[in-house]
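K.L.:
Can you keep this structure in mind? I'll have questions shortly.
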Amino acid sequence: MATKRSVSTLKEADLKGKRVFVRVDLNVPLDDNLNITDDNRVRAAVPTIKYLMGYGAKVILSSHLGRPKGVTPKYSLKPLVPRLSELLGVEVKMANDCIGEEVEKLVAQLPEGGVLLLENVRFYKEEEKNDPEFAKKLASLADLYVNDAFGTAHRAHASTEGVAKYVKPAVAGFLMQKLDYLVGAVANPKKPFAAIVGGSKVSTKITVIESLLGKVQILLLGGGMIYTFYKAQGYSVGSSLLEEEQLHLATSLLEKAKAKGVSILLPTDVVVADKFAADADSKVVPASGIPDGWMGLDIGPDSIKTFGEALDKTQTIIWNGPMGVFEFEKFAKGTEAIAKKLAELTGKGVTTIIGGGDSVAAVEKAGLADKMSHISTGGGASLELLEGKSLPGVLALDDA
Ligand SMILES: Nc1ncnc2c1ncn2[C@@H]1O[C@H](COP(=O)(O)OP(=O)(O)O)[C@@H](O)[C@H]1O
Ligand SMILES: O=C(OP(=O)(O)O)[C@H](O)COP(=O)(O)O
């Protein structure tokens with residue numbers, strides 16, 4: 001398990017007729033019509049839920065979706081109900097809230113083997129604050145707590161951490177139990193070991209890079225991450241994604257990498273767009289030549305070539321965060337090229353690990369998921385494991 005100790009698991013619990021609160025990570029990508037564009041995280045949650053149903057538990061599912069500020073209809077978990085019902089072979093009931101009297105009534109009506117999905121737990125700001133009173137309210141719904149939300153295990157939130165103090169037993173689900181592979185692979189990687197970090201969660205992931213410098217020999221940066229580094233080097237970045245507060249960190253990371261002999265590769269060219277849209281005008285420009293009013297949405301062809309050559313020298317690769325806005329065809333080439341390169345290298349014996357909701361979605365979209373050594377539902381969580389950190393969502397569970 002992802003800590004120095006082993007935690008209690010599902011098999012040890014007595015389930016029949018018990019109300020079981022299961023924290024899952026159903027934070028899936030949805031399109032504008034609220035259709036699920038990649039259901040990996042839903043499918044990953046199924047084994048634990050089916051096991052609980054099979055033993056006559058009353059299953060209460062809890063998850064977040066996105067990063068809502070208060071109740072926001074577009075972040076409702078309702079679009080998950082049809083797919084969950086289909087995969088589980090039962091009619092999943094949906095609650096309009098995640099705490100309160102209405103929810104308590106629905107829980108009381110659950111038959112053995114029934115499944116109730118609670119509404120987005122992040123509609124309450126108390127969730128991310130890990131508010132104890134809120135955690136107690138969640139806990140009061142159940143007789144047993146199961147955490148199977150690996151993708152959110154690096155967050156100490158009320159439904160991933162706090163709740164485990166107030167409902168016992170608190171155990172790990174099957175997805176959490178599969179972490180041992182990941183821990184082993186990143187603890188003793190075959191070298192050279194490379195990390196590829198991209199995506200849009202710049203402020204969370206840029207802070208991980210410092211620890212990665214002690215683990216990897218090669219670090220490739222892409223996605224929305226790079227513009228903060230460009231700006232720190234004095235380039236103009238137009239209207240690209242930028243974390244002004246992290247400019248100093250970006251500068252110091254480049255210096256530290258140099259001192260440690262880690263090769264950090266930033267793209268030398270990028271694909272820029274005149275707006276954030278699938279039909280935007282686009283062109284390839286050097287990294288130092290992003291025009292005002294344009295935004296970088298993918299890495300360019302020269303960078304794809306250089307990244308490929310660097311990856312050819314590696315034995316282990318961990319990848320989190322797409323290279324560009326792969327949801328738009330025009331800006332998907334960088335991500336697709338890296339996915340193809342990793343698939344090719346896996347065939348040559350290189351260990352390849354892909355983590356993260358959107359990264360896995362991109363690899364699935366390219367039809368290459370089964371060509372990788374390991375696909376993980378967690379991006380930020382995988383990176384924190386790689387740093388050697390214990391995950392709060394695992395630490396909160398009972399000892400084995
Ligand atoms: N240059 C960019 N500008 C803005 N967003 C980007 C850029 N490159 C990638 N992205 C976005 O990053 C998102 C995924 O980021 P993130 O959540 O960090 O990855 P993961 O879910 O794999 O951990 C995708 O939706 C993608 O469109
Ligand atoms: O999508 C997730 O993480 P990931 O993008 O790092 O894979 C998880 O659901 C956690 O979401 P958060 O980063 O909003 O806490």
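From the backbone N, Cα and C atoms, a Cβ is placed for every residue, glycine too.
A TrEMBL annotation is a machine prediction, not a hand-curated record.
Features from TrEMBL:
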BINDING   ASP25, LEU26, ASN27, HIS64, LEU65, GLY66, ARG67  substrate binding site
BINDING   ARG41, ARG122, ARG155  (2R)-3-phosphoglycerate binding site
BINDING   LYS205, GLU327, GLY356, GLY357, ASP358, SER359  ATP binding site
K.L.:
Can you give me the Cα-Cα distance between SER359 (ATP binding site) and ARG41 ((2R)-3-phosphoglycerate binding site) in Å, rounded to a whole number?
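P.N.:
SER359 (ATP binding site) to ARG41 ((2R)-3-phosphoglycerate binding site), Cα-Cα distance: 12 Å.
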K.L.:
Same-chain residues six or more away whose CB lies under 8 A from the CB of ASN27 (substrate binding site)?
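P.N.:
Expected: ARG41, SER63, HIS64, LEU65, GLY66, GLY151, THR152, GLY357.
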K.L.:
Compute all pairwise C-alpha distances among ARG41, ARG122, ARG155, the residues listed as binding (2R)-3-phosphoglycerate, and give the largest one in whole angstrom.
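P.N.:
18 Å is the greatest Cα spacing among the residues binding (2R)-3-phosphoglycerate.
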K.L.:
For GLU327 (ATP binding site) and ASP25 (substrate binding site), what Cα-Cα distance in Å is obtained after rounding to a whole number?
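P.N.:
Cα-Cα, rounded: 21 Å.
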K.L.:
Could you tell me which of these binding-site residues, LEU26, LEU65, has the fewest other Cβ atoms within 10 Å of its Cβ?
P.N.:
LEU65
K.L.:
For ligand 2, list the binding-site residues among ASN27, ARG41, ARG67, SER359 whose CB atom is within a distance below 6 Å of it, in sequence order.
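P.N.:
The ones that qualify, in sequence order, are ASN27, ARG67.
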K.L.:
Fewest other C-beta atoms within 10 angstroms of its own C-beta: which of the binding-site residues ASP25, GLU327, ASP358 fits that?
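P.N.:
Counting other Cβ atoms within 10 Å of each of the binding-site residues ASP25, GLU327, ASP358, the minimum falls on GLU327.
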K.L.:
By a simple count, how many Cβ atoms lie within 10 Å of the Cβ of GLY356 (ATP binding site), its own Cβ left out?
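P.N.:
I get 28 for this one.
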K.L.:
Of the binding-site residues ARG155, LYS205, ASP358, which sits closest to LEU26 (substrate binding site) by Cα distance?
P.N.:
ASP358
K.L.:
Around ARG67 (substrate binding site), which residues of its chain at least 6 apart sit with Cβ under 8 Å of its Cβ?
P.N.:
ARG122
K.L.:
Cβ neighbours within 10 Å, counted over all protein chains: which one of the binding-site residues GLY66, GLY357 has the most?
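P.N.:
The largest 10 Å Cβ neighbour count belongs to GLY357.
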K.L.:
Which of these binding-site residues (LEU26, ASN27, ARG67, ARG155, GLY357, SER359) have a C-beta closer than 6 Å to some atom of ligand 1?
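P.N.:
Passing the 6 Å Cβ check against ligand 1: GLY357, SER359.
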K.L.:
I need the neighbours of the (2R)-3-phosphoglycerate site defined by ARG41, ARG122, ARG155. Which other residues of that chain put their C-beta within 8 angstroms of the C-beta centroid, in sequence order?
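P.N.:
Everything else in range on the chain: ASP25, ASN27, SER63, HIS64, LEU65, ALA149, GLY151, THR152, HIS157, THR160.
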K.L.:
If you measure every Cα to Cα pair among ASP25, LEU26, ASN27, HIS64, LEU65, GLY66, ARG67, the residues listed for substrate, what is the largest value in Å?
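P.N.:
Output for substrate binders ASP25, LEU26, ASN27, HIS64, LEU65, GLY66, ARG67: max Cα distance 13 Å.
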